[in-house]
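Asker: When I checked Swiss-Prot for this same protein, it listed these features:
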{"type": "TOPO_DOM", "residues": "1-78", "note": "topological domain 'Cytoplasmic'"}
{"type": "REGION", "residues": "30-54", "note": "region 'Required for interaction with prenylated RAB3A and VAMP2'"}
{"type": "TRANSMEM", "residues": "79-94", "note": "transmembrane segment"}
{"type": "TRANSMEM", "residues": "95-112", "note": "transmembrane segment"}
{"type": "TOPO_DOM", "residues": "113-131", "note": "topological domain 'Cytoplasmic'"}
{"type": "TRANSMEM", "residues": "132-148", "note": "transmembrane segment"}
{"type": "TRANSMEM", "residues": "149-165", "note": "transmembrane segment"}
{"type": "REGION", "residues": "165-185", "note": "region 'Required for interaction with GDI1'"}
{"type": "TOPO_DOM", "residues": "166-185", "note": "topological domain 'Cytoplasmic'"}
{"type": "REGION", "residues": "175-185", "note": "region 'Homodimerization'"}
{"type": "REGION", "residues": "175-185", "note": "region 'Required for interaction with prenylated RAB3A and VAMP2'"}
Amino acid sequence: MAAEKDQQKDAEPEGLSATTLLPKLIPSGAGRERLERRRATIRPWSSFVDQRRFSRPRNLGELCQRLVRNVEYYQSNYVFVFLGLILYCVVTSPMLLVALAVFFGACYILYLRTLQSKFVLFGREVSPAHQYALAGGVSFPFFWLAGAGSAVFWVLGATLVVIGSHAAFHQMEAVDGEELQMEPV
């Protein structure tokens, strides 16, 4: 039995991604599988932020080519940049934290209540989708006061600027087929 536990420990991944608590919080299913696929395709952060590989594109064609290739190559890294910007926005806005706490608190209360018995409102049983819509309706004034709309557009704008500038100015390694192309004389 002890040998089996040692084998399980050896089979577990090591490093930063192994110590992340997020995958343990997400139940198994499609969401967890998607997160695992994203984590598996993350490119090395050292090459992602290597300052020696940034330069201005020579022309519009090269700019477009860099945008397409970098977005395709660093797609998972860009997803985590987006999530980091969301986290930054939420952490730096205390009222938005309160609004999120109200929303998730209402969802949790509804969840606990449905475990005990069916949720009945005005003599009618309320479906789970309607319950979460009710939680959203209760927390909507808090989101409105917190300026959640402007936070959403800030995150989208900041994401476009950060990812767009990185994709436009980051040089990709030359692919073997591109090195062998001949220029017309």
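Just so it is clear, glycine is given a Cβ too, placed from its N, Cα and C backbone atoms.
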Asker: Summarise the region 'Required for interaction with prenylated RAB3A and VAMP2' (30-54) by DSSP state, stating how many residues are helix, strand and coil.
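Answerer: Secondary-structure breakdown of the region 'Required for interaction with prenylated RAB3A and VAMP2' (30-54): 18 helix, 1 strand, 6 coil.
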Asker: Quickly jot the same-chain residues contacting the transmembrane segment (79-94) by Cβ under 8 Å, restricted to those at least six beyond its ends, or write none.
Answerer: 38, 42, 100, 146-147, 151, 154-155, 158-159, 162-163
Asker: Kindly state the mean pLDDT of the region 'Required for interaction with GDI1' (165-185) in the predicted structure.
Answerer: 70
